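Right, one structure below, let's go through it.
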There are 6 protein chains.
Amino acid sequence: MTDTLRADGRTPQQTRPVAIERGWSAQAEGSALISFGGTKVLCTASFTPGVPRWLTGKGTGWVTAEYSMLPRSTNERMQRESIKGRVGGRTHEISRLIGRSLRAVIDTKALGENTIVIDCDVLQADGGTRTASITGAYVALVDAIEWARERGFIAKRAQPLTDSVAAISVGIVDGVPLTDLAYVEDSRAETDMNVVVTGSGDFVEVQGTAEGAPFKRSELDALLDLALVSTTELAELQRDALAEGR
Amino acid sequence: MTDTLRADGRTPQQTRPVAIERGWSAQAEGSALISFGGTKVLCTASFTPGVPRWLTGKGTGWVTAEYSMLPRSTNERMQRESIKGRVGGRTHEISRLIGRSLRAVIDTKALGENTIVIDCDVLQADGGTRTASITGAYVALVDAIEWARERGFIAKRAQPLTDSVAAISVGIVDGVPLTDLAYVEDSRAETDMNVVVTGSGDFVEVQGTAEGAPFKRSELDALLDLALVSTTELAELQRDALAEGR
Amino acid sequence: MTDTLRADGRTPQQTRPVAIERGWSAQAEGSALISFGGTKVLCTASFTPGVPRWLTGKGTGWVTAEYSMLPRSTNERMQRESIKGRVGGRTHEISRLIGRSLRAVIDTKALGENTIVIDCDVLQADGGTRTASITGAYVALVDAIEWARERGFIAKRAQPLTDSVAAISVGIVDGVPLTDLAYVEDSRAETDMNVVVTGSGDFVEVQGTAEGAPFKRSELDALLDLALVSTTELAELQRDALAEGR
Amino acid sequence: MTDTLRADGRTPQQTRPVAIERGWSAQAEGSALISFGGTKVLCTASFTPGVPRWLTGKGTGWVTAEYSMLPRSTNERMQRESIKGRVGGRTHEISRLIGRSLRAVIDTKALGENTIVIDCDVLQADGGTRTASITGAYVALVDAIEWARERGFIAKRAQPLTDSVAAISVGIVDGVPLTDLAYVEDSRAETDMNVVVTGSGDFVEVQGTAEGAPFKRSELDALLDLALVSTTELAELQRDALAEGR
Amino acid sequence: MTDTLRADGRTPQQTRPVAIERGWSAQAEGSALISFGGTKVLCTASFTPGVPRWLTGKGTGWVTAEYSMLPRSTNERMQRESIKGRVGGRTHEISRLIGRSLRAVIDTKALGENTIVIDCDVLQADGGTRTASITGAYVALVDAIEWARERGFIAKRAQPLTDSVAAISVGIVDGVPLTDLAYVEDSRAETDMNVVVTGSGDFVEVQGTAEGAPFKRSELDALLDLALVSTTELAELQRDALAEGR
Amino acid sequence: MTDTLRADGRTPQQTRPVAIERGWSAQAEGSALISFGGTKVLCTASFTPGVPRWLTGKGTGWVTAEYSMLPRSTNERMQRESIKGRVGGRTHEISRLIGRSLRAVIDTKALGENTIVIDCDVLQADGGTRTASITGAYVALVDAIEWARERGFIAKRAQPLTDSVAAISVGIVDGVPLTDLAYVEDSRAETDMNVVVTGSGDFVEVQGTAEGAPFKRSELDALLDLALVSTTELAELQRDALAEGR
């Protein structure tokens, strides 16, 4: 019975309810408040003409990302990294992952010498915050590019976006492959995998980790199958959110 | 004509629409998402039994606060303080102000050896973020205390709260005293004053700064009058928010 | 009897002996060693032609301040902030207050594109270090401007100083408003207020904090009256110090 | 012709010459200087009885790792992270990867309340430093465990090691899957994958990144096949190194 | 003619006027404001019962020192190390030198499990700040030990001080060995040597540096001779200062 | 009997076996892996055209050095300074010493506007790491200068090197002056002295410290004699290493 398998009654193939509140921020050039069940991430895209010095004059743009969690987004309060005076390894790692994932669908030549900084701030965390961040960040990114095009910073005909991108966490819990792990599932998973996939179904990142026992090739294959189903659904939700007028 | 005075058509004595979304966070012991027009602050209260080492065994509790702004809460993106590796002077100053303001209405003996940390994270900024933080933090604080009382961490009869507390920014713009300054007003103000007032109408903090020319005693008096009117209204809104069931 | 009220036998309206040793430093363009009883602060003003990059070309100057306490200026030794690797909230807050207070009497256009950095280093602390810093810093500032005028960095006719500025701490102890709180008084005060006032008697900063119980409007008024009397006396002492040849 | 494919004349399936100089350090409980062609990493394992405070009394041990590059291990000198005052994202990420990889073959119960810290310091870098680190670290880890067993810190019959672990980087260059990428190959790779595999042939980590275009499922499969061949060879080299007397 | 040799008319063997204002600080257990001409250093000694954790239970005390310069002690303002967020190499080096020099005349067993922290803050710098610090610190140290003895923290008969200690900078300028280099001399010196000597005339530290050309054995010998003459004079000045009642 | 005096059977005048593996690094412009018995230091010299901004246009070059120890170069593992977030006092002090020592034999005018950074990374530590660093760094420096000359960055006829430089640690153990102290000797030494000497036999640095009791002039003289013998031998070893083809 699947209802005993997953605390919230989902089937193994079923993601939590996903909502994308596009244009949440009145300040940013692009933004989305995305939720996967109890996980809520505010994604903003900040557009600025020009690029960092090391890129100047090369005719290419720059997209980067920063991820952070509010101190009480989690069940127990965490110390702020600004107070600690240093950004932790996990934060760095996820920020870099989000940046790489978005750059995989960006033609930096077409973007021109412009910079887009994506901020993904986790307001509430219940598993899958990095994959929710990537999925929401894409929507914010699209709107920031559109904003810049309307104001002439990006040429009318330029196509900086080559595809869409979304991500999901999948894992094996009690021997069963499950998609979109909630926090309680994630902490019990034997194997945990974050998969970033384009709208065309190609892989951008595949990160599988044996939390408990090492995993077999067949398990890896089952998880990738599951991830592709979920990211196809997420790509559709992104399209729907972007279809509405801002 | 007052409608030419304030861009949003308010009278000098009128605050922006204030909304208090109590219990916004599913994780924190107390929380409120408070908005003053375009200013939105997520306030969470984290309760933990026990106190920092320097207070242990003294029979008193501890309430402290941390304030922070999301990098793109403002019109231009700011660098994260976690990336800079140090918390700026303004952030420190506001965190300390919020903490002092809340402690002014707390009987730390009645709180017992318990700690409450208030986090005020500005999701969107349009002036008055520190006073909105104090006003929202009070609501989160009340709920965290209630949460602890229900679980026996605070004695049933103990009354840790001695009063309510709310805050407003007032200032003189083009010679006219105005309440609840929006960002565009704040940046034009000759004098800027943050006033923290209890439900009983006594002062907790009065911080007046001459941004342009030094100000006269009569101007100071007019601003205090204005602040007391607004904080009386805010105290009522807090009571209303807390009157509803959680 | 007032002699039981104040440990040092002062009347409520009486400041401690104030001494201003102008030109203490042989290195700085302006300097003053100021003492309020046991509180001793070395104030230096460093003049440099040019302004920070963000001000270049705007035709205005810059005045800023840094406050610090020697580790053994206090009764118990404090850790150095250089060793901790970060400047504390209180230090930042006071540095910002001193800077704002001085800028309130500076016409930055008349100063031209020049920078003056004020350093206030507390050699010995017995209450009122921030207000002593402001009062002494003004004297150092005047001399640094004069130094620059003599060397042609500031035009002969330019009047960068629009007024003088001095500050005092006042507070309510055992229900009685007192001026110039010594450390033992400050730590017992129910309400503590730092007031920065120009030579003309207008306010630059009013910072009142309820250390114990919130305070009433009438108490606020009494403290402001007291502060104005003391700052008038301090303005006179500043004039006297500056009247002598350097 | 494969000799035009790879600058050093290797076939796609061929790793560079791998050498493991076991017991290089006279100080550490276990150590190995491992080289993959021009990549040289000094791996040391430091054994200490006891565990960090958060693990005390749980009856389990702790294995962690730190990775670092000498400033002139690379073709252009890099600034030291100690001088910058912060450890970069890439360093953190690799340190965490090495630690997770080793813990995947450790039974922390059998290790007892003991800590092993692995240091992987890159003396010379020519691609694949993180996978060389994992492969060398395993050898150092085995010796540190043996050292501790001989001195009675680990019970004679305890088996803290459940398997061996080795790692390889594979990637697609000009459409051809290649194993053990040298630096010049790595920087041209369209897809880059680090694969950590146990002696039994199960996966511990699979990290694939599209450096250029997103990659297809079939490409992913080809890379995994290649990685398994190489890690099988590496496992044998590890066995050989450990077979000799220390 | 020697008067053309040294700008202030001193002979090569003559130190600048040295003044020791013992007990300058009302807060510290021991203190001295020492001046060598334009160099002024405030030395305080802070006594606390108990020792750092790593010394607890060993029956020995601890003496350590921290050196710092006020930002405008020098001719051009330096940035504060607290603002930079790190203590510079020179500061560390001098702090360590002062600590070692004082410990050379301390019997830590006789001191008992007590800690004395010496702070040497340079108020004005004109060369020789480190050697002035050592010379002044000794006086502060003596008084802190006396303070502790009077209060019973140190046994009446214990003799923690085994000797006195003083220091001088000597150097070769234009081929002539000179004692007590002022800043203008120091910056022209070919060889610079700091020598720390006990009251009995033995060496505690000898630090000679070729600023320009390497120096000969005969030059080294001449500098040591000169240093011993000056430190003998300083030891007498220390005795005189300590002979007066506090 | 000297064999009871020194654990490794050396005579007081005898250094440990010294080996200089020139050109160890395939990446750096100059390099040497130097060992003094169990002390092993990897020295690399990185050449870059141009100088730091504060030297630009002055026609002189810049040579600087950084020293660091691998965390497990010592008998007990030390925390990495990159993890601590700050470079310790000892590290700073030694880095500065190495830089000064090398600059003493460099004619910076002849070097032209070029920068050479020396990195001395201690792979294994058994006493005398700073003096081994200086001795090995000189060899790396020579090769980096030769590398630059061959490529035309330094004029063919320019002679940036004015002499060679080597260093040794000497000390008094149980009353006997010994050269090249191993770690066990160093920790027992009453007096410890690091001496840096040119190939011509002149002093660059003399740093003597009384670890236990202050030392006499006669002891100082004996140590200097001993140091000069050893540095003469080291200078010959450097010449031999440099005589072979790279």
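The backbone N, Cα and C atoms fix where each Cβ goes, and this holds for glycine too.
Going by TrEMBL, these are the annotated features:
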BINDING   F:Arg90, F:Gly128, F:Thr129, F:Arg130  phosphate binding site
DOMAIN    F:14-144  domain 'Exoribonuclease phosphorolytic'
DOMAIN    F:164-228  domain 'Exoribonuclease phosphorolytic'
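Ranked by Cβ neighbours within 10 A across all protein chains shown, the binding-site residues F:Arg90, F:Gly128, F:Thr129, F:Arg130 are led by F:Gly128. Within 8 Å of the centroid defined by the CB atoms of F:Arg90, F:Gly128, F:Thr129, F:Arg130, the record's phosphate site, lie the Cβ atoms of F:Tyr67, F:Ile94, F:Val122, F:Ala125, F:Gly127, F:Thr131, F:Ala132, F:Ser133, F:Ser169, F:Asn194, excluding the listed residues themselves. DSSP labels the residues of the domain 'Exoribonuclease phosphorolytic' (F:14-144) in these numbers: 42 helix, 43 strand, 46 coil. For the domain 'Exoribonuclease phosphorolytic' (F:164-228), the model gives a mean pLDDT of 94. The DSSP breakdown of the domain 'Exoribonuclease phosphorolytic' (F:164-228), given as helix, strand and coil counts, is 16 helix, 30 strand, 19 coil. For the phosphate site, whose binding residues are given in the record as F:Arg90, F:Gly128, F:Thr129, F:Arg130, the maximum C-alpha distance rounds to 14 Å.
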